[in-house]
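Trainee: Shown below is the structure under consideration.
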Amino acid sequence: MLAIAAFIGGAINSVAGGGSFLSFPALLFVGVPPIVANATNNTAMWVGVIGSARGYRKEIAEQRRLIAPLFAVSLVGATLGALLLLRTPSTLFERMVPWLLLAAVALFAFGPRIVAAERARAEHKASWVQLAAQFGVAIYGGYFGAGMGYAMLALLAFFPLPSVHAANGIKNALAIAINGIAIVPFAIARVIWWPQAILMAAAAMLGGYVGARLALRVSSEAMRAAVIVLGITMAVALFVRGV
């Protein structure tokens with residue numbers, strides 16, 4: 001069950017994020033403690049994100065100047081988020097996840113319309129406001145992480161990117177930084193169950209690569225619609241099950 005959940009979760013993450021809403025509950029279902037499940041899931045999904053990023057090599061290379069500053073702030077933010085998780089209870093934060101996911105989907109859906117008039121003057125670089133926003137997303141990613149992809153896609157909607165595929169490539173590159181650096185404090189605190197993490201990592205990597213290749217064959221408009229529907233569905237499911 002863990003391998004199947006991780007494969008599908010890796011594929012979902014390669015498209016827009018949110019795969020942890022499948023893989024994280026799977027760990028809880030087999031009896032893994034919540035914080036351990038979160039750390040183990042983060043480790044497994046990180047490997048899956050690497051598989052996803054391989055499918056977006058061209059898009060990542062084209063946007064490397066934009067990615068660099070966002071990558072740097074992501075490393076710092078994710079480290080802080082992981083340390084917060086190890087020191088605070090996550091119950092309240094988990095109850096906020098459906099609301100945060102809905103907000104991210106709304107920004108992703110309406111962001112391009114809001115900034116349409118400004119696109120002609122936009123530059124392919126991150127402002128201080130956008131860097132601060134990514135820093136906040138990275139803290140969330142290091143702390144809990146589920147739905148992080150939607151938050152990043154919402155932020156990237158305010159950049160003059162050529163397509164949703166470019167945004168997905170950047171999102172996956174930043175997820176490598178966030179999930180990867182969070183492993184360090186989790187490993188030091190010994191809250192990762194490595195056998196489960198390794199099994200899920202292999203499945204997530206395969207799923208991430210397959211998902212990325214399939215996503216690149218879909219038009220930007222269809223991709224955006226699928227991301228919005230998927231996000232709303234996940235949020236409703238989380239409200240129903242209470243995270």
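Here the Cβ of each residue, glycine as well, is placed from N, Cα and C on the backbone.
Keep in mind that what you see is a predicted model, and the values were worked out from it rather than measured.
Annotation source TrEMBL lists transmembrane segment at 66-85, 97-116, 137-161, 173-193, 198-216, 222-240.
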Trainee: Mind pulling out the one from 66-85, 173-193, 198-216, 222-240 with the most Cβ pairs under 8 angstroms to the transmembrane segment (137-161)?
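Mentor: Comparing 66-85, 173-193, 198-216, 222-240: 66-85 has the most Cβ pairs near the transmembrane segment (137-161).
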Trainee: Looking at 173-193, 198-216, 222-240, which one has the highest count of Cβ pairs under 8 angstroms to the transmembrane segment (66-85)?
Mentor: 173-193
